[in-house]
Amino acid sequence: MSDDDSQDDSVPEGDPRRYATDFHAPVLSHDVQARLVTDASGRYVDATLGGGGHARALLDVLDPDGVVLGIDRDPEALETARDRLADEREAGRFWAVHGTFGNLRDVLAAEDLIPIDGLLLDLGVSSHQIDVPERGFSFRDEGPLDMRMDPQRGLTAQQVVNGWGERDLRDVLREYGEESRAGQIARALCDARPLDTTRALAEVVEDCAPPPDTVKTLTRVFQALRIVVNAELDELEQVLEQATEVVRTGGRIAAISYHSLEDRRVKRYLRYGNFEGEPRRDLYGTLVAPWAETPRGPIEAGESEVEANPRARSAHLRVAERRDDDEAGAPLPPLS
């Protein structure tokens, strides 16, 4: 199957491989179809467009007058998705713009697309970004220390590793990688500078984390650097807050996360409308909860999907429906 195939029609509906391409294999696409779409003639946004797999899945369950807008900061992803969905672009059912989902409100205002009926977030890094050594996301291959999702702008991992002080590096590894060896690794990175490639970075980390902890430690370190380079958690908090403003009452948000830092923020915001996980009351004593989880708790991939796409193993899909502001006083469950 080539990157520009809309889907593999030889694969039955509901099969996790149906919307996969060499660029990226979207996870939980059947669940997204079933739970995000509330109006088949509605307006939907895939704010993490990638190779267009989820956008294709949404278009397949929308009526001819339903539309999907794709947003991505990666120019390669935009080009791939536009080529893949060329027929839908021609029909006016799909279009894509370059941008970050942290600017969701401004993007939608520019496209005259407020309110929307549904918002999809498939967080983290794509398969393509990991698999291309030149992007600098993988510790397994030699590549430049880049890690930018938009390679045309912003801070690189090389600038962080070589330019930040030991204390700042330690804090990054501890906060964004939840790495217990953060202090030791930060000190070793500073001693080994300058570091210019992914393998040079990986070798320093490997010296600090012998087997059996090596791979997990490398994963956490590269995750931490990627998060800070792309301001991923800041962007996530911004898009969740803006979703409350742009999704219509009765519309939905679907967010797929891959690690606890993402999932914790999504869970707390969709359950409580804040990132502290604290029930809050307005001036009249009413509990403020702009979203209602549906269902309560995460949806995870089944065995067949994990077998077909191992990346799905860590995926957590959370879906919530925008409440009417007058209904926001419903009882709230405790945060588990």
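The count begins at 1 with the first shown residue.
Cβ coordinates are placed from backbone N, Cα and C, and glycine is handled just like the others.
Annotated in Swiss-Prot:
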type	residues	note
BINDING	Gly52, Gly53, His54, Asp72, Phe101, Asp122, Gln129	S-adenosyl-L-methionine binding site
REGION	294-336	region 'Disordered'
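Projection of Swiss-Prot feature records onto the structure.
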| residue | record | DSSP class |
| --- | --- | --- |
| Gly52 | S-adenosyl-L-methionine binding site | coil |
| Asp72 | S-adenosyl-L-methionine binding site | strand |
| Phe101 | S-adenosyl-L-methionine binding site | helix |
| Asp122 | S-adenosyl-L-methionine binding site | strand |
| Gln129 | S-adenosyl-L-methionine binding site | helix |
> Any idea which of the binding-site residues Gly52, Gly53 has the thinnest Cβ neighbourhood at 10 Å?
Replying inline: Gly53
>> Sequence gap of 6 or more, Cβ distance under 8 Å: name the residues on the same chain that satisfy this around His54 (S-adenosyl-L-methionine binding site), in order along the sequence.
In response: Tyr19, Pro26, Ser29, Val32, Asp46, Thr48, Leu120, Asp122
>> Restricting to the chain of Phe101 (S-adenosyl-L-methionine binding site) and a gap of 6 or more, list residues whose Cβ falls under 8 Å of its Cβ, or answer none.
In response: Ala47, Thr48, Ile71, Leu121, Glu235, Gln238, Val239
> CB neighbours of Asp72 (S-adenosyl-L-methionine binding site) within 10 A?
Replying inline: 27
